[in-house]
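Novice: When I checked Swiss-Prot for this same protein, it listed these features:
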- 23, 24, 25, 38, 61, 62, 63, 64, 120, 153: substrate binding site (BINDING)
- 203, 325, 355, 356, 357, 358: ATP binding site (BINDING)
């Protein structure tokens, strides 16, 4: 990974104070963490540094407390979840700067792990304020960023600290960037991208960037309806951003000029109601009834996607093909996910996927572990796919 240092470059950390930025923005219900995936992702970096004798000081944000302390957004309950995942004692300090932080850090010995309170309890965090960044840096000798999911934000703990202390990429960021490099940076071709989800409006930058970089773009979900409408196909009562038809047309023109094939549904599963047990029918795409909604792509469309996956060396996936959260409209997404997973297991495909709905869909299909890489980074993954610079990553590149 050219351009920045990883933990492999960090030779002697015994007794050093390592400020480690992690993503602990996990779901909590009634004071209990309900999903520890993000903690599990950063556990290898925490334990590696601890095992090497570093004083590991965890920096993280949680929720949106608007720059002031808020008991609802305290990281204290999360410290217990981190302890459970690591199977190690995790100390807690009631502030990330000032006397409480200094006292807790001063009491540490090599190998100890300390979680500091929510960085967003201070307005200086999101403003990337130099004074606040200095106050954070006062408790560290080395900075390691392992929060790729926050790398698209130029905040004090994700970007500012990298300018004040020797900066390194943690194992999560390293794995993420290496996977993304394989996916779009320097991929094996042909590259197929699957982009789904409800709205074109949220993914214009993404689609515009992808048509210049991939060989085939499969468009699914509600956003496919806008492209179908732009082509003059009636989509009945389906979710459709009719005001973006010209944008969709331009993306199709750009794709043609770049030599990128665009694959739209050729058939669809439609229903009059979006509810469990609704009566459905499968129709050709130019025969959608006026009173029906497209809620999934049909079997002919799935076969078309599979044909492209047979030719592809690389797959980048963001967004489901249909309304997968409600059966039977999950069928196309599940089938394509399982097919891509099989091709990956057979070493015929490099598969990189990301985005909340995509991760949920792959978990539903029980194939997350079969993909080459599944990003939990959300907004950062999307901005990377859009071709944008990520401040938290750029700050590590020296």
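Backbone N, Cα and C atoms are what each Cβ position is placed from, and that goes for glycine too.
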Novice: Considering only the binding-site residues 23, 61, 63, 120, which residue has the minimal Cα-Cα separation from residue 355 (ATP binding site)?
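Specialist: Answer for the nearest of the binding-site residues: 23.
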Novice: Any idea which of the binding-site residues 23, 325, 357 has the thinnest Cβ neighbourhood at 10 Å?
Specialist: 325
Novice: Compare all C-alpha positions of 203, 325, 355, 356, 357, 358, the record's ATP binders, and send over the largest distance in angstrom.
Specialist: 20
Novice: Out of the binding-site residues 203, 325, 356, 357, give me the one sitting nearest to residue 25 (substrate binding site) by CA distance.
Specialist: 356
Novice: Highest CB neighbour count within 10 A among the binding-site residues 63, 355?
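Specialist: Result for the most crowded candidate: 355.
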Novice: Indicate whether residue 61 (substrate binding site) is helix, strand or coil by DSSP.
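Specialist: Reduced to three states, the DSSP call for residue 61 (substrate binding site) is coil.
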Novice: Would you count the other C-beta atoms found within 10 angstroms of the C-beta of residue 356 (ATP binding site) for me?
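Specialist: I get 15 for this one.
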Novice: Please report how many Å separate the Cα atom of residue 356 (ATP binding site) from that of residue 23 (substrate binding site), as a whole number.
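Specialist: Here the two Cα atoms lie 15 Å apart.
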Novice: Under a criterion of Cβ-Cβ distance under 8 Å and sequence separation of at least 6, what residues of the same chain contact residue 358 (ATP binding site)?
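Specialist: The answer is 196, 317, 318, 319, 320, 374.
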Novice: If H, G and I count as helix, E and B as strand, and all else as coil, what does DSSP give for residue 357 (ATP binding site)?
Specialist: helix
